Amino acid sequence: WEFNGSFYQPSAFLMMGIPGLEALHPWISIPFCALYLTALVGNCVILFIIRRTPSLHEPMYYFLSMLAVTDLGLALCTLPTTLGLFWFNVRRIGFDACLAQMYFIHILSFIESSVLLAMAFDRFIAISHPLRHPSILTKTTVLKIGLAIVLRGMVSLLPIPFLLKRLTYCGKTELSHSFCFHPDIMNLACADIKVNVFYGMIILLSTVGMDFIFIVLSYILIIRTVVSLTTREECLKALNTCVSHICAVLVFFIPMIGLSMIHRFGKNVPPLVNTLVAYTYLIIPPALNPVIYSIKSTHIREALLRALRRKRA
């Protein structure tokens, strides 16, 4: 402990693995390694394919590149502490290191939410105003959207580490996960955390919450446009371009909403459920997104097959 008058701050926190299954951590690490490997390789392949294929240099795939970079960041943020705990039982993480990991995890989560919103906007413009799509979403516009997304995440979350550092901590120093999460750290404090709770809720609702609402509104407008199409084939073709994005939205938002609800209202939820939802939220989307887009996107799949044929030749 670091003592300064009546102010206490732990030098480190202790991370937790999967409650009740500590003896099986080496075996449990196998599927985690597979998921991390899929996330790292899959997203790198997506970036490589888009970079090397001129026909994919358009807004939809620029946003997909942003999503892949964000997923890589999320995987790399949690990989060292998660596998370090499963393989070597390294539970200790320094206080400042924990705050840094927490900050980047939340930034990348907010960025992913915003990128999914940008992709929904892209699909709406492409389906509702196909002739104006190239003039609305130019390369410059896409770049500005990307910078705005990053700045929004960084600025909105900047006060969080400082709000946590001002708190007095005492008693337990055990986190609920193998990574640092804002509500988890906040609940270890023995000081008044009303400011942290209020600020965290406001930021969550004004960023991720608004993103989700606008994504839903975008698809309501897309469905209205698709219904007005003359033939069934045109309807299916238009909707088929949205399937990958809808899957990515569901894979990201469902676990995130579940984890937020558990941390704020699920005091009686078993620790195992809390842990599994947290891992689903942070590990499954980075692993599944490249798989979803490789399977459902014809252009990505064809570009990948061409690249494999050239390599074999």
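All residue numbers here begin at 1 and follow the chain in the order shown.
Here the Cβ of each residue, glycine as well, is placed from N, Cα and C on the backbone.
Residues or ranges marked as transmembrane segment in TrEMBL: 24-50 (among others).
The annotation domain 'G-protein coupled receptors family 1 profile' is assigned in TrEMBL to 42-293. Over the domain 'G-protein coupled receptors family 1 profile' (42-293) the predicted model carries a mean pLDDT of 91.
Annotation source TrEMBL lists transmembrane segment at 62-88 (among others). With a threshold of 8 Å between CB atoms, the same-chain residues lying at least 6 positions outside the transmembrane segment (62-88) that come near it are 15, 17, 25-26, 28-29, 32-33, 36, 39-40, 43-44, 46-47, 50-51, 101, 104-105, 108-109, 111-112, 115-116, 118-119, 122, 139, 142, 146, 149, 178-179, 248, 282-283, 285-287, 289-290, 293, 300.
Counting residues 6+ beyond its ends, the transmembrane segment (100-121) has Cβ neighbours under 8 Å at 60, 63-64, 66-67, 70-71, 73-74, 77-78, 81, 93, 145, 149-150, 152-154, 156-157, 160-161, 164, 179-182, 185, 207-208, 211-212, 214-215, 218-219, 245, 248-249, 252-253, 256, 282, 285 in the same chain. Feature annotation from TrEMBL assigns transmembrane segment to 100-121 (among others).
For 142-164 (among others), the entry in TrEMBL reads transmembrane segment.
Counting only same-chain residues 6+ beyond the ends of the transmembrane segment (197-222), those with a CB under 8 A from a CB of the stretch are 109-110, 113-114, 116-117, 120-121, 123-124, 127-128, 152-153, 156-157, 159-160, 163, 182-183, 186, 238, 242, 246, 249, 253, 256, 260, 264. The transmembrane segment annotation in TrEMBL covers 197-222 (among others).
According to TrEMBL, the feature transmembrane segment maps to 243-264 (among others). Long-range Cβ contacts of the transmembrane segment (243-264) within its own chain (Cβ-Cβ under 8 Å, at least 6 residues beyond either end) map to 67, 109, 112-113, 116, 119-120, 123, 181, 183-184, 187, 201, 204, 208, 212, 215, 219, 273-274, 277-278, 280-281, 284-285, 288-289, 292-293, 296-297.
Residues annotated as transmembrane segment in TrEMBL: 276-295 (among others). Taking Cβ pairs closer than 8 Å, the transmembrane segment (276-295) reaches residues 18, 32, 35-36, 38-39, 42-43, 45-46, 64, 67-68, 71-72, 74-75, 78, 82, 105, 112, 176-177, 179, 181, 244, 247-248, 251-252, 255-256, 258-259, 262, 301, 304 in its own chain, all 6 or more past its ends.
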